[in-house]
Amino acid sequence: MEQIFTIVVLLFFCYSFIGWLWETIYCSIKAKHFVYRGFLLGPITPIYGFGVVGVLYLIEPYQQNIVLLFFLALFLVTALEYLTSFLLEKIFHLTLWDYKEVPLNINGRVAVPVSIFWGLACVFIVRVLNPYLMNIVIGWQQRFGMFLPLILLMVTSFDLGFTLANLASLRQALNKMSTTIQEKKEQLQTDLGELKVAAEERRQGWLTEIKEQPEWRKQLPKLNFQERRFLNSFPNMKSKELKSPLMEIRELSKELRKK
């Protein structure tokens, strides 16, 4: 039992790291600059760890049939992705990814093309990657025993607590910034009266007002490293709580960092 626990935990962290690495490289190439992905501060994305470990152990009896392996992995990973998106929205009021522009999507949480990709990826992992990785993990298990997985679990638990605390403070900060932006926009609209101006001019108007009024800047929160990372790592992030677009909030956050 101890050996199984150790191997499962180590596999979870290996695939969580591989998933984080994949997302970071993909998103960095897409954005043309380095993007540190992941919900946690550490270099892991747990949804990948849970997904792959689930495929490795929950559907193990069907792994010899490549067609069954593909479809069962597809359904399992899709269900996990949908559930994760649903819980993030209900608990934290956040949408970190949105597939509404992808064909055959379900509520923007999952999409058939994405699920097919993950199904194929799981077939590759089970048939090609995991046998090699398992040899490495067994070597770690024999060398470190329970010590390594327990250390990893302790560090990740601390990371999770730290992230949740920062996420709570980030929500408050974003709401404060959003309210300030809306107030400035409404004030500018009143000042302009019937004058019609372009959207870009209105956008620059509220930011200029905040720049030129120190008392407004003092009232607004400055985000710490983790809060800024979270805000910038998910360009498609949405929140139903916010009245202003996140693009404007990101711009305000950058301005507040200036002295």
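Using the three backbone atoms N, Cα and C, a Cβ is placed for every residue, glycine included.
Note that the structure is predicted; figures quoted are calculated from it, not measured.
The annotation transmembrane segment is assigned in TrEMBL to 6-22 (among others). Long-range contacts of the transmembrane segment (6-22) within its own chain (CB-CB distance under 8 A, at least 6 residues past either end) are made by residues 37-38, 43-53, 56-57, 125, 133-134, 137-138, 140-141, 145-146, 148-149, 152-153, 156.
Annotation comment: TrEMBL describes 34-59 (among others) as transmembrane segment.
According to TrEMBL, the transmembrane segment annotation covers 65-88 (among others). Panel annotation: around the transmembrane segment (65-88), residues 47, 50-51, 54-55, 58-59, 94-97, 106, 109-110, 114-116, 118-120, 122-123, 126-127 of the same chain, lying at least six beyond its termini, place a Cβ under 8 Å from a Cβ of the stretch.
Residues or ranges marked as transmembrane segment in TrEMBL: 108-126 (among others). Residues 15, 51-52, 55-56, 63, 66, 69-71, 73-74, 77-78, 81-82, 85-86, 95, 98-100, 102 of the same chain, all 6+ positions outside the transmembrane segment (108-126), place their C-beta atoms under 8 angstroms from a C-beta of that stretch.
Among the features that TrEMBL reports, transmembrane segment is placed at 146-168 (among others).
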